Amino acid sequence: MKRFSFSSLMLVLGLLFIYLPMLILVIYSFNASKLVTVWGGWSIKWYVGLLDNTQLMGSVVRSLEIACYTAVAAVILGTLAAFVLTRITHFKGRTLFGGLVTAPLVMPEVITGLSLLLLFVAMAQMIGWPQERGIITIWIAHTTFCAAYVAVVVSARLRELDLSIEEAAMDLGARPWKVFFLITIPMIAPSLGAGGMMSFALSLDDLVLASFVSGPGSTTLPMEVFSAVRLGVKPEINAVASLILLAVSLMTFLVWYFSRRAEEHRKRAIQQAIDESAADSWKQPDIRRAPAPASV
Amino acid sequence: MNMKKFKRRLQRITPGGRQLVIGVPFLWLFLFFMLPFFIVLKISFAEADVAIPPYTEIYSYVEQKIQLLLNLSNYVMLSEDELYIAAYLGSLKMALVSTVLCLLIGYPMAYAIATARKEMQTVLILLIMMPTWTAILIRVYAWMGILSNNGLLNGFLMTMGWIDEPLQILNTNLAVYIGVVYSYLPFMILPLYANLVKHDNSLLEAASDLGSSTFNSFWKITIPLSKNGIIAGCMLVFIPVVGEFVIPELLGGPETLMIGKVLWQEFFNNRDWPVASALAVVMLAILIVPIILFNRSQAKEMEGKE
């Protein structure tokens, strides 16, 4: 029993360690005092001040735009990659393919950033594209590493999917692409949503890759924040940081909410199917859930 | 007649669905992830030049002769200059120590989550996951305000009367350790949890029936079974930390020598692309074994094999 209490204590302390700094940051963004360490009462003037900062607002719009494109492309690319990795088990270069999909997860960003920039420079010399670096090059960089995250999330879902439904559709004469769009995609939709949100957030957050592959005049929000942060703590930055935190936690909550709803819906559907086919119980779809671990 | 022939020929050369499904992501990743490394390798053998782009070409074609000119001076400089060697060692030490710290803190946390009630697990895992979606930049920035000389931590310690003058924490290696553990802890917990939650409780029960102490069965059953999770978690922390730039830049001081920061400075401040490329090539050479280890464990995970 001792171990349980120790690990629970660590969990509480760990969560405090993770969330306390962020909480402090948010509280101090409402500090009326210009001195970041002295509390001068509540105020929202730093938030209001942000609206007048056109340069910052421009970078916010640019970052959001890139994040949208990235989310769409990363979901398509990542889903294809996940599909290949889980369903097509034998083809030439499969090991290489698997490596290419998962390596971006851990590759230090300075290496990926530098190598992509050198690629773009070399391409500009050889084929004249991209003439100038900006939104498109940042989008390519972000898509490449976000697709890896999507592939991990989606492949986890694809693995636990009941293959018999797809097989049944194929047996009934549906073509593979039709099965994919009409059966597989709807079944993995929640994880596609989660992957998309994740890519959106990751793209919105990225500093290092964007710094390498962006050109003049295409500063993103993290780059703007970074150049301000380098000079020290400032109340305006506290406000920007709090807004980003708010946006990300909202997105996390939405992902959790929708995936939970989808899960409940699925469970209810399975339960219904079980009830309906109670007579021939051997046909039941098995409920692919681990038995609930014994509670503490 | 002719049209039919043409159609058939077209069918033969256009890729089928299967090739397309494999080909599109493969081509993208090859072009934008793998190929760039070869360009880095090539430029690491070039010389810095005042030009656009700022390096010399390593091959030339003059009088029907292709000349390949590999300039090794970048690598010679890396091996001779103590700054670079110290930076590599500093990065490795930083990554190693923080990986161990993350494991020591993260394992009990992942264990507590995996043994919690099912509904609690979803909420807890979400709480752990949320910070991984938030910019490292912002989470590190939050610590700047806490650790600075007139920051909250020093203010708190002084009000309590434990210290008389502020401790210098910001801009030291200690601050970098705090920042790294703080930022990468979730990446350790997530794979550990994913592994621990699959464990079969009956093994532990059997062990305890046979008289094994709780600690003994934890050490001999739970830890060995969670090997894959430990490897994945450690690699997810160790590899990116070696190349970390943001944390040492914002929290570290002059004593903090890390290779990611040096590479950034060579590239952005000195505009020496060949040296930055050589630094990246050596870093990749150091990291290639851990990356392969990670890819193996990931491949097993993706195919659903144990």
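Every residue, even glycine, has its Cβ placed from backbone N, Cα and C.
What TrEMBL records for A:9-30 (among others) is transmembrane segment.
Positions annotated as domain 'ABC transmembrane type-1' by TrEMBL: A:60-256.
Look at TrEMBL and you will find A:66-85 (among others) tagged as transmembrane segment.
Residues of the same chain lying 6 or more positions beyond the ends of the transmembrane segment (A:97-124) and with a Cβ under 8 Å from any Cβ of it are 81, 84-85, 130-131, 133, 137, 140-141, 144-145, 147-149, 151-152, 206, 208-209, 211-213. Taken from TrEMBL, the feature transmembrane segment covers A:97-124 (among others).
Summarising the annotation, TrEMBL assigns transmembrane segment to A:136-158 (among others). When Cβ-Cβ distances below 8 Å are used as the criterion, the transmembrane segment (A:136-158) is approached by residues 66-67, 69-71, 73-75, 77-79, 81-83, 85-87, 101-105, 107, 112-113, 116, 120, 130, 184, 188, 190-192, 194-196, 198-199, 202-203, 206, 209-210, 212-215, 218, 220 of the same chain, each at least six residues removed from its ends.
According to TrEMBL, the transmembrane segment annotation covers A:179-202 (among others).
Among the features that TrEMBL reports, transmembrane segment is placed at A:237-258 (among others). Long-range contacts of the transmembrane segment (A:237-258) within its own chain (CB-CB distance under 8 A, at least 6 residues past either end) are made by residues 22, 25-26, 28-29, 31, 36, 46-47, 49-50, 56, 190, 193-194, 197-198, 200-201, 204-205, 221, 225, 228-229.
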With Cβ-Cβ distances below 8 Å as the criterion, list the same-chain residues six or more beyond the ends of the transmembrane segment (A:66-85) that contact it, or say none.
97-98, 101, 135, 138-139, 142-143, 146-155, 158, 180, 184, 188, 192, 195-197, 199-204, 220
